[in-house]
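Marked as disulfide bond by Swiss-Prot: 19-365, 55-142, 141-148, 383-492, 506-698, 521-568, 620-648. The N-linked glycosylation site annotation in Swiss-Prot covers 226, 418, 436, 468, 534, 545, 626 and rests on sequence analysis. What Swiss-Prot records for 782-803 is region 'Disordered'. The signal peptide feature in Swiss-Prot is assigned to 1-15. What Swiss-Prot lists as topological domain 'Extracellular' is 16-720, and the listing cites similarity to another entry. Swiss-Prot lists 743-803 with the feature topological domain 'Cytoplasmic'. The transmembrane segment annotation in Swiss-Prot covers 721-742, and the record cites similarity to another entry as its basis.
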């Protein structure tokens, strides 16, 4: 009997005690004369909270009656945080904190935003905010790459409780180094008290929480949700809004008397489901006479400590939000706080002051949630899944336009159980999928193995959703994908859902290359060795227009050939219409020969080429764009791109087809437009950019060179004119060769010859050269003598009558 009583007591003790306290105390062997300088910071509210750096979980800040920043999970004694007197803070109370990097945190102190580099111990006032604010919101992304960094840099600063419209909202796209005033035109129709503004990256939306008549409602600014709102919910007093990490769309809205959650970025806000004694009911914190003192969360878990010395633990998923009372162990104090260091590892943290040292120690109690939930008194069913794994964890995937992505997961259910796997996306407006579950073998114990195959692509390409449901295909989007078990029990703590982030946007491994199968070097026209030695060539002033100013060129242009970027030029015959063959490469592999619409521009201003099609022959229905529209920004050819391109093959009342004979300067796509080079040999350097908005989200562009050959020098006269002139001159010359000798034998010819002789004799000024004049005289004399008859008497002498 005694043994049974001892066993019962032991069971009760185990149910109540879920962890053991330990105290962290370091660096206090010898007396430390350190004194605190500046103003001691404190949290403006009566509760406590631990804000973690979600990308580097060893870093966190504790907010309470004192403020502490740790870089090692509070595993050392820490001095309370102070702000220098030079910052001139009237009331050093913190209302919001947000980590922006591994070394910097933003604080809202007394209505102003300050940045603190806790590695260098440098404080700075953030520029751009001119009116008091109370909160900073952001959603950090922890994957590597520029895309994720851009998400993390987007922040809002706002005053909670301000009247809309009329309250200034500030935004930052540089990680909080500076802020700008947000344009309020898009929010002019919103009315109520501002409860917060947030970047919901998992839904590709900006959400605004407005409160009116004790009802809170989320409004969205981006299509297709900009004309709809979330479901209203009861909002009687200000609520703190926590965006849970990893862009899953999970929210927590809470204060000391309220706890609400959302699994879809605020579209539906609901209460947690309390599991107690086998029953499940909505948790009403106020009716349960509880006062939440501190709350903790990670991606799929949450926990909170109440002033009534009770610790609650719950899970948050797309299928349900359940919570259970974990322990009645005495945790609570005014300084106590809770936070997660890992999945299923919950820590109760309490700063402890030291009368002899300024640094605070920390009393810690680490709760193994999985072990605590195994207590039979909680009456929880065991986890119905033994194994759930996939390679998609801890990776971010990219789906470009017209691309697909295939993922898979492996599931092993608990023996005798038949769980249902569930695939969910956070942004169904942009991302769609289909999934297939197949059995593919057994474990050693005879348990079945299942494989889940998932195929994802843009929602627009599935063709099974309404037009007003899908997001704009021209704009990039983000969504998470999660694989979970639909009927998973609360005890599956260690079996977290499989989830990752999908970027419906530009795949940075893509690039375009102009095919170069026949080059000028391969044909022996150019020498690649010479091209690499600062090779230069001349562009005649008649062949180019300056790119730096408008007007005609005044001098020839000398261009140095960039062999490293251009390689050997492609060889093109001048008299043959030509179109570049553009290849699309992805991650070093040739994907396809591109057939999208693109444009080219000669970078040195050469204008001796044209296009084979006009607006009419290209079957345009509106006036086509051309480079003259962007001529004011000739130094920025990238301004004509997929975002600024407007197709002429669609009706456009604002730009009707008025000039059908203008050049159609777009290559590729539905037309067979080609380049026609003028009668000029030489090198052309082109910039090529893809303008088709439905081909890729990337700004695909490249530069390439061609060498045009085979052009003869340009004739100064028209060919027909030259031929007529040549024939006329030939015939006239032949007539003169016949007519002149004949005329010289006549009396008129002799008189003409004598007349010419007299002119050359008495007009020496006609030829100033004596030698040449003598030659001409002798020539004329010999010609005259030769042409005369043999018996003509000599001039100036009488004839010999005797003979």
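Heads up, the Cβ atoms here are built off N, Cα and C, so glycines get one too.
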- Task: Taking the Cβ of residue 468 (N-linked glycosylation site) as the reference point, list residues of the same chain whose Cβ is under 8 angstroms away and which are at least six residues distant in sequence.
- Result: 224
- From recorded positions 436, 506, 698, the one whose Cα lies nearest residue 55 (disulfide bond): 506
- Message: Going by a 10 angstroms cut-off between Cβ atoms, which of the disulfide-bonded residues 55, 383, 620 has the sparsest surroundings?
- Response: 55
- Message: Tell me the Cα distance separating residue 365 (disulfide bond) from residue 226 (N-linked glycosylation site), rounded to the nearest angstrom.
- Response: 46
- Query: Which one of the disulfide-bonded residues (568, 698) has its C-beta surrounded by the most other C-beta atoms within 10 angstroms?
  - Reply: 568
- To the nearest whole angstrom, state the Cα distance for the pair residue 141 (disulfide bond) and residue 506 (disulfide bond). 17
- Item | Confidence summary for the topological domain 'Extracellular' (16-720), mean pLDDT rounded | 90
- Query: Relative to the Cα of residue 534 (N-linked glycosylation site), which of the recorded positions 19, 418, 506 has the closest Cα?
  - Reply: 506
- Item | Between residue 148 (disulfide bond) and residue 698 (disulfide bond): CA-CA distance (Å) | 16
- Task: May I ask which of the recorded positions 142, 418, 436, 620 is closest to residue 568 (disulfide bond) if we compare their C-alpha atoms?
- Result: 620
- Should any of the disulfide-bonded residues 148, 506, 620, 648 have a Cα within 10 Å of the Cα of residue 142 (disulfide bond), which are they? 148
- Query: Of all the recorded positions given, namely 436, 506, 620, 648, which is spatially nearest to residue 626 (N-linked glycosylation site) at the Cα level?
  - Reply: 648
- Message: Please report the Cα separation of residue 545 (N-linked glycosylation site) and residue 648 (disulfide bond) in Å, rounded to an integer.
- Response: 27
- For residue 19 (disulfide bond), nearby residues of its own chain (Cβ under 8 Å, 6 or more apart in sequence): 329, 348, 365, 366, 367, 368
- Query: For residue 648 (disulfide bond), which of the recorded positions 148, 418, 492, 521 has the nearest Cα in space?
  - Reply: 148
- Item | Spatial neighbour of residue 492 (disulfide bond) that is closest, considering only the recorded positions 148, 418, 506, 521, 620 and their CA atoms | 418
- According to DSSP, does residue 148 (disulfide bond) fall in a helix, a strand, or coil? helix
